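These notes are about the structure you will find just below.
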C-alpha cells in the first residue's frame, strides 16, 4: 500500500510534531512562562516551546472552527428573521486518567480567551457529575469511580443540553480531588459563555457505553469539536504512579484529604498501592471504556515521554 493509499484509508490527516508546529502561522504567544507554570499539572513538564509548537496551532484551528460556526448561526438567523441568541461552542476533551486532560483544557481556556475577539471561555469537568460517595457506596461502586455507571449521566446531559440551548445560566456541581467527593453546595454557575470546554473521561462515550442505563441523547451529541489526549499505557501508568507519589508528599498530607492515610507510607509501599489502583481501576477503565472512544474524536494528540506531543491526527 502506497503512502497515498494509506492516507485515503484513514479518516484522519496525520502530522508529526514539526509539521503541526508549522501550522502556527504567525499566532503570537500570549502566555508568559509564569502563567504556564500555574496552568500545568502536578506531573507535567510544560515548556514555552510545547505551548508554541502544539497548543498555538490548535488554538488557531479552533478559532477558525468557532468563527465558521458563528457565521453559520448568522446565516440561520438571517433565514429565520430572528435576533441572534448566543449559542456556546462546546469543545470536549477526553483521555485517560493522568494523561494531562486538565492541563490541555486550562491551556486552551487561556489561549482562546486571549484571541482578539475576547471570547468568554468556561471550563467544566465531568467529575462534578459523578454520583456522591454516599450513593457510590450504597451501590457498591466506589471501586468503579470513573466507569460509566458511576456518573449521573441524566444530569450531565441535561446540563450540556441547557448550555447548548442558550440558557441564561446553568448550574454544575463541583468535584474535589481533596475530599474525593462532590462538594456540598459547591455549584458553579455558567452564564452563556461563547465557548464551553468540557473535560472528562466520558465526553466521547455513547449509547454503546451505557447498556445499563439506556437513554437516547449523550454528551457527545452536543460537542462541536472533540480532542482525545492519547499516550501508550506504560507511560500512563508511570505518570499515574509519579502523580500519586507527588500527591503523597503534598495534598495527601492535608488532614482533610480522603487519602490522608497514604501520606506517611514508605515510598515502596506507596508505589505498590498506586500500581494496584492503576491495574484494578484506572487501567481497566482505560481499556474497557475510554480507549474505545478515541477514534470518535475530531483530533487525537499523542504524547511521548515528558508529556511532549509527538503527533497529531485531525479528522478530515
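Every residue, even glycine, has its Cβ placed from backbone N, Cα and C.
Remember, it's a predicted structure, so these values are computed and weren't measured experimentally.
As recorded in Swiss-Prot:
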- 95, 96, 97, 98, 99, 100, 101, 102: ATP binding site (BINDING)
ATP site shell beyond 95, 96, 97, 98, 99, 100, 101, 102, criterion: Cβ within 8 Å of Cβ centroid: 229, 236
Binding-site residues (96, 102), the one with most neighbouring Cβ atoms at 10 Å: 96
Sparsest Cβ surroundings (other CB atoms within 10 Å) among the binding-site residues 97, 98, 99: 97
Other CB atoms within 10 A, centred on residue 100 (ATP binding site): 24
